[in-house]
Amino acid sequence: MAHSMSRPVAATAAALLALALPQALAQANTSYVDYNIEANPDLYPLCIETIPLSFPDCQNGPLRSHLICDETATPYDRAASLISLFTLDELIANTGNTGLGVSRLGLPAYQVWSEALHGLDRANFSDSGAYNWATSFPQPILTTAALNRTLIHQIASIISTQGRAFNNAGRYGLDVYAPNINTFRHPVWGRGQETPGEDVSLAAVYAYEYITGIQGPDPESNLKLAATAKHYAGYDIENWHNHSRLGNDMNITQQDLSEYYTPQFHVAARDAKVQSVMCAYNAVNGVPACADSYFLQTLLRDTFGFVDHGYVSSDCDAAYNIYNPHGYASSQAAAAAEAILAGTDIDCGTTYQWHLNESIAAGDLSRDDIEQGVIRLYTTLVQAGYFDSNTTKANNPYRDLSWSDVLETDAWNISYQAATQGIVLLKNSNNVLPLTEKAYPPSNTTVALIGPWANATTQLLGNYYGNAPYMISPRAAFEEAGYKVNFAEGTGISSTSTSGFAAALSAAQSADVIIYAGGIDNTLEAEALDRESIAWPGNQLDLIQKLASAAGKKPLIVLQMGGGQVDSSSLKNNTNVSALLWGGYPGQSGGFALRDIITGKKNPAGRLVTTQYPASYAEEFPATDMNLRPEGDNPGQTYKWYTGEAVYEFGHGLFYTTFAESSSNTTTKEVKLNIQDILSQTHEDLASITQLPVLNFTANIRNTGKLESDYTAMVFANTSDAGPAPYPKKWLVGWDRLGEVKVGETRELRVPVEVGSFARVNEDGDWVVFPGTFELALNLERKVRVKVVLEGEEEVVLKWPGKE
């Protein structure tokens, strides 16, 4: 998604018209910024403007007698009838994300570009009172660490409820540019915070739960909001070493494309029925993603089963980037034609609106080519009830949502729950945590809160945030609970100045407990900004080491914040650092969540969804190397292929209590299955044979400790003989969260394992089930294991269409 430069003020449709075509020649980019280096597109006001929105009047307006207002007709027929009324100029004026509408038809201007990554953004928030804020949830990477798919769905559902309430007040669109389901392949990536982490199966489940939560249970008849799966595909670098995302050409094998970079989009299209997909800035194997019919037609529509009339939007200015910097087209008009013909329906930008007339004049496009995309967009709007005249809940359950629904859903406190469930306990020496109120009564306890995150407010939200109702810093949270707080920033995120060290050490000296809150934030990891290093930045480690030396017997707890990981090996190995937690970007209630985890009002059960690599990893090979498998200087990427030793592994996470994990009565320690017998089973109710359940991995989980706690599980598979080498170290095949396991209680964990979990991807991109021996193991400790022997002949279970 493109950087919006600054938050724009609302404009009327007339003002938008003034921003449009007359300025095209004056504003046309003739400076030719080197977008091979510059990662922020120079977006024009017409693109980035937020506008007041209104519904077409199908009762009394000019369209009332047209098919578009006939609620008994199909959404596609209604949309096609509307677009047929447009003149060519009117058609072109509605090909951008900011559609100008058609005033003579009573069709209002419409803004496609709304954001909903972890709450409403690019909404027309009021200055005060109603519609002044919306719930700001934790960033997806922290939410995913909770391993709670119900939570993901619930968050998305709340976002869409609040979005529809804002929409009914003319303050938000019916389409959202979310979720970001790219995988967090390399730790330097600045936008990893927006993603579900480095594992593609996690990303696929996140995509399904988020999209179905946003779109509602019946998207074909009553679409709640249209989700957009982004960024398709192979997008996970911003500006590493001046390699701009706008001009990157990512070389990706068919094997890695099929196995890692696209399965989450396959699930989004086939299973979640996502209504929109965003093509990415980058090129893949020489072709810009928004000009690649292989991605947009062969894969997305023909193979992945994208909904018939779903639309593809470019990332913002990506259509222009086909010309500059990719040089794939000789002019902006040619770039517009390439994108349209490849399958990019809507241009988030102005290239279509300013240059499609030239494309037609050159004979590169016809009106029909352009119409197709606009019809697809308006089909989605019809499904969302944009043209419905009857606003009763019986016919459209979303048109009556209002500010009271925003208040109600925020009061559920799900943002807080998501943060407490996602926070990961990395280290807890001698079980120093939790710092219970019994041992540390707030009225008699002084807490030193030190570090650049100790008084964080806006930092808690990460990026793509709107107006939150409140932002609770760690400092405010501890003060609210009655603790005496000695606050000292000590140092900044990237500071090398030691001028604040003395105050920090003084604050620690007179405290009973020392908490250092630091790490990274959006000054180092953001859109258009990758990290150069994955070490702790600035002199934060120096300050922590001084605090550790001065702590004596006092607990020293370090909060490692931010979306990406930093190398905390020195803290892991320092016996004076009592505990270490990863808190991500925990949202509006982040301070409360961190405090309550530390004090034991909530117990941690999150697990890392990224690998914490040693700092040297970022220097071993180029971040633009997209090959997952180890080769040359590349030691392998993600936990699946990494051949080195992680500081903290993917899936690491500690509890305050102890659990005994054992085979359940239904567990068979060795299973022999015939491939042909499995694949011959009927599966008409499944979209793919890969979804067919093969077995249930079961285990007994007994809480043997002293505290009630949730339990989180990851089930991994590995093999050393099924299919050709090289073999991955392991891969995730399932996961779950058991809530509130009481002391002494035993619960059964049951994780279904599907055919696709036993498939490996060959060099052509085909998913193949090979005969051989697999091992399934529970979590990193591997205390419960099942041996699975597959016999018979290898079979392709998913055929990958190669690019000719």
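Glycine residues also receive a Cβ, built from the backbone N, Cα and C atoms like all the rest.
Per Swiss-Prot, the feature active site maps to Asp315.
Per Swiss-Prot, the feature N-linked glycosylation site maps to Asn29 (among others); the stated evidence is sequence analysis.
The number of other CB atoms found within 10 A of the CB of Asn124 (N-linked glycosylation site), across every protein chain shown, is 19. Look at Swiss-Prot and you will find Asn124 (among others) tagged as N-linked glycosylation site.
Sequence-distant contacts of Asn148 (N-linked glycosylation site), defined as residues of its own chain at least six apart whose C-beta falls under 8 angstroms from its C-beta, comprise Gln421, Arg737. Swiss-Prot lists Asn148 (among others) with the feature N-linked glycosylation site, giving sequence analysis as the kind of evidence.
Long-range Cβ proximity for Asn251 (N-linked glycosylation site), meaning a same-chain Cβ under 8 A and a gap of 6 or more residues, is found for Val284, Asn285, Met626. In this structure, Asn251 (N-linked glycosylation site) belongs to neither helix nor strand by DSSP; it is coil. Swiss-Prot lists Asn251 (among others) with the feature N-linked glycosylation site, giving sequence analysis as the kind of evidence.
Taken from Swiss-Prot, the feature N-linked glycosylation site covers Asn390 (among others), and the record attributes it to sequence analysis.
If you look up Swiss-Prot, you'll see Asn413 (among others) marked as N-linked glycosylation site. Its own atom aside, the Cβ of Asn413 (N-linked glycosylation site) has 12 Cβ atoms within 10 angstroms in the protein chains shown.
Long-range Cβ proximity for Asn444 (N-linked glycosylation site), meaning a same-chain Cβ under 8 A and a gap of 6 or more residues, is found for none. Taken from Swiss-Prot, the feature N-linked glycosylation site applies to Asn444 (among others).
If you look up Swiss-Prot, you'll see Asn455 (among others) marked as N-linked glycosylation site. Asn455 (N-linked glycosylation site) counts 18 other C-beta atoms within 10 Å of its own C-beta, drawing on all protein chains shown.
Positions annotated as N-linked glycosylation site by Swiss-Prot, on the basis of sequence analysis: Asn573 (among others). Reduced to three states, the DSSP call for Asn573 (N-linked glycosylation site) is helix.
Long-range Cβ proximity for Asn665 (N-linked glycosylation site), meaning a same-chain Cβ under 8 A and a gap of 6 or more residues, is found for none. The N-linked glycosylation site feature in Swiss-Prot is assigned to Asn665 (among others).
All chains included, 16 other C-beta atoms sit within 10 angstroms of the C-beta of Asn696 (N-linked glycosylation site). Annotation comment: Swiss-Prot describes Asn696 (among others) as N-linked glycosylation site.
As annotated by Swiss-Prot, N-linked glycosylation site applies to Asn718 (among others). Around Asn718 (N-linked glycosylation site), taking its Cβ as the centre, 17 other Cβ atoms fall within 10 Å, counting all chains.
Taken from Swiss-Prot, the feature signal peptide covers 1-26.
Asp315 (active site) sits 21 Å from Asn124 (N-linked glycosylation site), taking the C-alpha atoms as the reference points. Ranked by Cα separation from Asn696 (N-linked glycosylation site), the glycosylation sites Asn124, Asn455, Asn573, Asn718 are led by Asn718. With respect to their backbone Cα atoms, Asn573 (N-linked glycosylation site) and Asn718 (N-linked glycosylation site) stand 30 Å from each other. Taking the C-alpha positions, the distance from Asn455 (N-linked glycosylation site) to Asn718 (N-linked glycosylation site) comes to 44 Å.
Asn718 (N-linked glycosylation site) and Asn413 (N-linked glycosylation site) have their C-alpha atoms 39 Å apart, to the nearest angstrom. A 10 Å cutoff on Cβ-Cβ distances gives Asn573 (N-linked glycosylation site) a total of 10 other Cβ atoms nearby, all chains included. Between Asn124 (N-linked glycosylation site) and Asn413 (N-linked glycosylation site), the C-alpha separation comes to 23 Å.
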